[in-house]
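A.B. asks: Just passing along the structure, written as structure tokens.
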């Protein structure tokens with residue numbers, strides 16, 4: 001990954017001349033002193049950089065994997081770590097909101113959901129109020145997956161100026177970033193230009209279970225008077241150009257369970273005489289999507305909003321090439337060659353991915369087992385105008401139909417594990433405009449306005465329940481490897497990301513309208 | 001599993017009246033004192049039972065998983081444990097035969113193969129010489145797979161009179177059994193009626209790599225003068241009737257690796273725009289075998305020896321029912337209803353099993369990963385007259401062809417991980433006749449003459465290199481769950497198995513011919 005990263009960076013430097021941008025960036029910061037009165041905050045962020053890296057290191061050390069029940073105590077421990085940091089910086093009204101028991105499928109029926117961390121900084125009725133959302137849970141990771149260093153130890157690569165750890169970019173880095181911004185304002189001797197409310201959850205990587213209900217519950221209580229919501233849980237499209245994001249795909253995650261024998265069996269003794277669940281499962285999984293990426297479930301494509309000429313034009317100006325995709329994927333395995341096709345299939349068309357199989361042999365070596373019960377995991381990224389519940393019905397009916405044709409004596413059950421809706425916003429509203437100014441100030445370029453292929457399930461709930469706009473303000477780059485091995489956050493993105501957050505608070509505070 | 005076991009046992013007691021057999025067994029032992037002069041050895045085995053269980057407990061405590069490179073030091077530790085036991089009992093000429101470096105695919109290029117443990121008990125040129133083979137390595141196991149107790153701790157269930165642990169029946173129990181038999185003869189004041197050579201390997205569960213070469217090398221050295229080989233690494237067909245085994249299927253184990261992106265990717269960002277290795281892999285795996293167990297690779301069935309009328313009749317008298325299979329599999333998922341069809345598909349027809357996928361998501365929960373490199377694991381159980389090398393070519397050509405039709409930008413490679421040939425012997429030779437008498441003495445019934453679906457790769461090599469007959473003398477039952485969770489060995493099978501081994505040594509010693 002390191003080689004690819006370097007190549008991608010080099011080609012980008014040559015292509016867009018980012019060294020020139022850095023010069024113009026410095027000039028801009030100086031010339032815009034009048035319109036951005038908090039230059040000292042930027043200096044303080046630079047000064048405190050070592051401490052901010054250290055804090056991130058402490059945070060990512062806690063393996064807060066929400067998808068692994070056995071690690072649930074670690075998720076809770078990380079919530080308590082955040083509370084300690086909030087207290088240290090001076091946040092008030094800190095509350096750990098408990099969300100109750102996790103619904104099935106779970107191993108432990110009494111498994112408690114991790115708490116949502118709410119807190120305030122400032123409560124001045126003359127100021128606007130911004131809710132910042134992030135999540136402190138992370139995807140699973142283990143060194144054996146192929147990491148260069150321990151995933152739950154922040155490794156600072158001085159040469160490449162990056163920080164490697166699970167959660168560094170998704171989403172612990174941005175969460176700690178907000179803490180640091182408030183600390184920098186405070187230590188620079190400034191009041192925060194807005195009232196800030198934090199909403200940090202611990203189940204985002206597992207479907208944000210329970211958060212919807214909390215937002216409904218607190219909309220007129222803790223969140224009363226919110227003017228805007230800012231979410232930092234996404235990434236630049238590429239590796240050099242900042243973006244603001246106004247659309248997200250949703251995600252419906254499914255599990256097909258095929259069950260036969262009472263326990264795993266020896267393939268020598270039972271091979272050829274009993275119906276093997278794995279044999280049935282690959283037939284079901286193989287019927288969902290073809291090698292060209294086409295979803296084979298009847299009725300799914302019919303729900304997708306048709307592409308208008310106006311929308312098609314939006315994709316023309318975006319700074320993105322096939323090389324960017326190849327650099328990010330570390331391969332030449334794109335299904336499309338044209339950048340416009342790539343972006344449309346990432347942003348406005350659904351996709352179906354096969355994630356893996358639980359219950360079968362999954363280690364190195366050669367185990368001659370016939371797995372008794374296997375769970376095939378797959379998900380569909382959803383887009384306008386797909387109906388989530390209708391989709392579930394189509395998926396389950398499809399799997400049942402394919403399995404039934406096999407005439408297998410095993411049993412098959414397909415279920416939704418979690419879902420999150422797609423989301424689309426207006427990229428020209430007050431909040432996006434403020435974020436655009438902040439980005440220009442810090443990076444010296446106008447951000448690309450993009451959508452994203454990934455989902456942040458709670459975006460839509462915030463918009464609807466708090467009746468405010470939601471802004472997606474990314475900190476990391478497109479090659480950060482969220483959910484992958486060697487997840488990283490460039491130190492420059494950490495620092496400039498905090499500066500962008502700091503400036504956004506100002507520009508939003510002084511803008512007319514919400 | 002415990003409930004099923006009880007039900008199976010109860011139904012068996014009613015059906016074959018095993019309580020009556022127990023009465024006749026006792027009568028037989030008394031009446032046959034003249035022909036079996038070592039009654040004291042049986043008494044000693046009964047007396048030392050607690051110690052013998054204790055020794056097995058110490059042996060299974062060592063997680064000697066040959067398929068897991070990280071546990072290789074444990075495999076070696078177990079070899080040293082055996083050496084200590086051999087010394088204690090009085091074996092001589094104990095040698096740890098090193099087999100060199102393990103060939104690829106391996107993570108560690110310098111990985112050493114575990115040693116073969118050779119030793120002797122007695123070296124009297126007037127006595128016949130028997131080589132006993134077993135293996136001290138085991139299949140992978142972890143409590144999280146669903147074991148009722150820790151797999152590497154011997155759990156003695158006093159109520160059900162069984163011992164549960166990985167390796168209890170496959171194959172640590174029988175290996176320790178041979179030690180115990182020698183100790184029982186010694187402590188009863190008898191000379192062993194034969195010279196015994198032990199050959200215990202540590203790679204059986206991973207293809208017996210290196211053992212072939214050692215047997216070739218030592219055929220005229222350590223193994224010089226061997227009259228017969230006895231292998232205890234198989235099981236009864238059912239749960240009450242002892243068997244002797246004269247045939248085994250072989251096993252060719254394959255891995256199909258599909259590789260695309262440079263690292264695992266986030267399905268939100270990359271779903272729908274890159275070719276996913278998992279999507280290709282399920283197409284390849286799905287093309288190998290259908291849900292009825294039919295192998296779909298062209299040319300494989302053509303290599304199978306046709307069924308003669310004479311052979312078909314051999315299956316008529318065997319004590320086996322569909323209920324036995326269902327009890328053993330813990331389900332009603334048999335592909336055939338007729339016992340004869342079941343036995344033929346277990347013993348004389350090939351089968352193809354899908355074991356799992358390495359490299360994909362395999363845990364509980366919902367990880368939205370696009371795996372970058374996935375290895376599909378499958379194996380084919382081989383039978384007369386299949387040619388192993390021709391089979392490899394057919395399998396690889398098939399996978400390549402299916403993958404090529406997908407027109408995927410990923411790469412696909414199918415390779416053989418290990419193979420072991422099938423084997424057929426003459427069940428009426430001197431060694432089988434001696435074992436049949438021993439079984440009758442201990443159990444009071446003639447053993448069924450069976451073949452097995454599983455493979456013991458080294459059987460054929462012993463037969464060819466030592467130019468002797470090979471006998472398969474099982475200790476455990478058909479429901480022991482070798483390679484599965486909750487692997488067990490009934491205490492009665494442990495004790496009676498040792499008695500059968502002890503009596504076999506006598507009957508073989510006094511028989512005419514080899």
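Glycine too: its Cβ is placed from the backbone N, Cα and C atoms.
So TrEMBL lists the following for this protein:
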type	residues	note
ACT_SITE	A:137	active site
ACT_SITE	A:204	active site, proton acceptor
BINDING	A:135, A:170, A:233	Mn(2+) 2 binding site
BINDING	A:170, A:205, A:483	Mn(2+) 1 binding site
BINDING	A:233, A:266, A:368, A:381, A:455, A:483	substrate binding site
DOMAIN	A:257-403	domain 'Peptidase M20 dimerisation'
SITE	A:266	site 'Important for catalytic activity'
A.B. asks: Measuring Cα to Cα, tell me the gap between residue A:266 (substrate binding site) and residue A:170 (Mn(2+) 2 binding site) in whole angstrom.
C.D. replies: 41
A.B. asks: Could you give the number of helix, strand and coil residues in the domain 'Peptidase M20 dimerisation' (A:257-403) as assigned by DSSP?
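C.D. replies: Result for the domain 'Peptidase M20 dimerisation' (A:257-403), in helix, strand, coil order: 56 helix, 30 strand, 61 coil.
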A.B. asks: Show me the subset of A:170, A:204, A:205, A:233, A:483 whose Cα is within 10 Å of the residue listed as 'active site'; these are the recorded positions I mean.
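C.D. replies: Correct set: A:170, A:204, A:205.
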A.B. asks: List the Cα distance (Å, whole number) between residue A:204 (active site, proton acceptor) and residue A:170 (Mn(2+) 2 binding site).
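C.D. replies: Here the two Cα atoms lie 10 Å apart.
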A.B. asks: Checking A:233, A:266, A:381, A:455, A:483 - which of these binding-site residues have a CB within less than 8 A of a chain B CB?
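C.D. replies: Going by the Cβ criterion (under 8 Å to chain B), the qualifying binding-site residues are A:266, A:381, A:455, A:483.
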A.B. asks: Please name which of the binding-site residues listed here, A:135, A:205, A:233, is nearest in space to residue A:368 (substrate binding site), Cα against Cα.
C.D. replies: A:205
A.B. asks: Between any two of A:233, A:266, A:368, A:381, A:455, A:483, the residues recorded as binding substrate, what is the biggest Cα to Cα distance in Å?
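C.D. replies: Per the listed residues, the maximum Cα distance equals 46 Å.
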A.B. asks: Compute the centroid of the Cβ atoms of A:135, A:170, A:233, then list the same-chain residues not in that set whose Cβ lies within 8 Å of it, in sequence order, for the Mn(2+) 2 site.
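C.D. replies: Everything else in range on the chain: A:134, A:171, A:172, A:174, A:175, A:204, A:205, A:232, A:456, A:482.
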A.B. asks: Any same-chain residues 6+ apart from residue A:381 (substrate binding site) with CB under 8 Å of its CB? Would you list them in sequence order, or say none?
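C.D. replies: The answer is A:249, A:250, A:251, A:350, A:351, A:352, A:353, A:453, A:454, A:455.
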A.B. asks: Looking only at the domain 'Peptidase M20 dimerisation' (A:257-403), what is the mean pLDDT?
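C.D. replies: 95, rounded to a whole number.
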A.B. asks: Which binding-site residues are spatial neighbours of residue A:483 (Mn(2+) 1 binding site) here, meaning Cα within 10 Å, out of A:135, A:170, A:233?
C.D. replies: A:170
A.B. asks: Would you mind pulling the DSSP three-state label for residue A:137 (active site)?
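C.D. replies: Looking at the DSSP assignment, residue A:137 (active site) belongs to neither helix nor strand, so coil.
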A.B. asks: Under 8 Å Cβ to Cβ from residue A:205 (Mn(2+) 1 binding site), same chain, six or more residues apart: give me those in sequence order, or none if nothing qualifies.
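C.D. replies: Residue A:205 (Mn(2+) 1 binding site) has long-range Cβ partners A:65, A:66, A:67, A:135, A:137, A:138, A:139.
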A.B. asks: Could you check the binding-site residues A:135, A:266, A:483 and say which one's CB has the most other CB atoms within 10 Å?
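C.D. replies: Result for the most crowded candidate: A:135.
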A.B. asks: Which three-state DSSP class does residue A:205 (Mn(2+) 1 binding site) fall into?
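C.D. replies: Helix, per DSSP.
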